Structure formats: structure tokens, C-alpha cells
């Protein structure tokens, strides 16, 4: 299925039904009073979170969605039937904006959560409401009001605890395959990952976290080069970023892992200073390609070259070396953050 993370379309709620002008007419009651009923309300349009969806592709071609209008009122004080609401399923993590004004309408962050995006019109009043001591037979009623209509912009921002950052071919996809049930494509050429991938890491019973892998970032990404920049927004909700570098880039392709890491950080800051301020851990990958006696020094060498003062890990996503320790520390860090947040909101 094609991954689509931005769409625009128009929604229109149903109009309210008109009020009714009607008089009571029964045997032996030739001149009964007014009994016109109210119109039914128009159906509203809602977006509903669905954890089974991970793309907005269903809204790529359909550009208009409407709810049902309410029916007119009837005699004998019968209220018209209300219009049926329109429910549009969207992936959890969908940000909803008014395309015309730029207003943020809301954020769908939970499965089953509903967000009202267009309210149905109110039903009109029947002539029963206009009876008075001076007007016993009113012939007036009101029309139903129009339902809301607006153009929406939806942006999907995947919900993940941890984001993987790196240049193309540093082994992000291999790592996410090793630690989770996700199965992204793995191959020895750039941009194997074309779309964001999510993986659930089950560290122990009842302990898990979600990892997001996006296409690799290259120099000039903030100006649109490569594939990764348009997906960086999917890391905006993460609590922790893992900055992966290739520990054998120099030996295998004459690369410089320190320069690569500096390039990625510069692109990250150019795209979003706020994203660049998120906690980041340095992860030196592909150590299995080095002799065992060289691995620790290679990790330390890269960390020194970057002036890195945060956590540093040496791993092999292919063989699993160092991965258990990394996942355990991630789990503990995330749980500590959650406890801290719970304490602040208590």
C-alpha cells in the first residue's frame, strides 16, 4: 500500500431540517391550535482514530465528504429525523488543520478518539413555538441552519517513542528488523527505506516501546534533497532519537563517520531547531565488520571526533551485539521520563 502522509479535502455537515407550519385537525376540533414540529438537526462530520491504519491514502483521490441533512418537522409536534453523522477513519497521530485559515482544529492521538470537524446545522422551529396570547394561530416557522463546510489539511505524524536518525546505509533498517517484528527492506544501496517504518520492541513482558525508522538524511536535505526530510516530522512526537553512524564507513567506502554525523546534525537543525534539541544517543553500528580488538576504540574515536557528551553505544544490528543493553537502557529511560511526566501532572 502506498504511504501518504498529507492530504486535503472538503467536508460539509448536513443542514438542519425546516420547522413545520401545521394545525391540529381532529373530529370535533375544527379549529385546533398549532402543532408544527421542529426540523431535525443536520449530521456532523467527525474524524475517528483507527490504530489499524498507517496512511492517509484513502483520502488521496476522494476530495469531498458530506453528512446527511435533517428532515423537516411534521404535524402533531413531530420532530424531523436528524441527519446521520459522517465518520471518517484516520490513523492515530493525525494532525488536523483548516486549510483556509491555518487554524489547528485538533490532533487525533488515540484509537477510537473522535474529533468534530464540521458541525451539523440546527433544526428550524415549528409554528408551535410562536403561539402567544395575541397570536393563537401563528403561520410562521424557521428554516434549519446550514451545516458547516470547510477544507481540511491532514498531516500524519507517526506516534513513536524512539526515532532512528542516520545517513543512508548506516543499518537503521537492519537494526529495526533485529529488535522488533517490523520487516523493512534491507539492501546494500542508498534509500532502501522509502517510507517511515514502525516497529514495536517488546523488551520484557508488559514492557515495550515503539521505534520509527525514516529514510536516510543527506546533505542538502533541509532544502529538499533526498527522501528523508519530508519524513522528519514523524520524529516530532518521539521522546528520544538514536543517531546511527556506520562504524566501518572509512574502510568500506572511504567515508568519514564523524563528518556524516555532523552533516546530519546540521540538516536536523536547519529543518527544526526544536527537533534538534531532543535527547539524542550516539549509536555506532556495524561493529561486526571490525576485528574485536578494534571495536571499543573505534566507538571512542568517533565520539571524541564529535565531542559527544551524551550516551554512546557500539552495536551490530546484524549479529545483535550490544543490542540488548541498548534496548534495556532505552526502556529504562522512557519509563523514567513517563514517571517524571506523571509526577508533574499529578
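Using the three backbone atoms N, Cα and C, a Cβ is placed for every residue, glycine included.
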Checklist entry - Of the ranges 107-127, 128-148, 149-169, which one does Swiss-Prot list as region 'Disordered'? => result 128-148
Item to check | Helix, strand and coil counts within the compositional bias 'Polar residues' (130-144) (DSSP) | outcome: 1 helix, 0 strand, 14 coil
Next on the checklist: Can you tell me the CA-to-CA distance separating residue 173 (Mg(2+) binding site) and residue 166 (GTP binding site), as a whole number of Å?
Outcome noted: 11
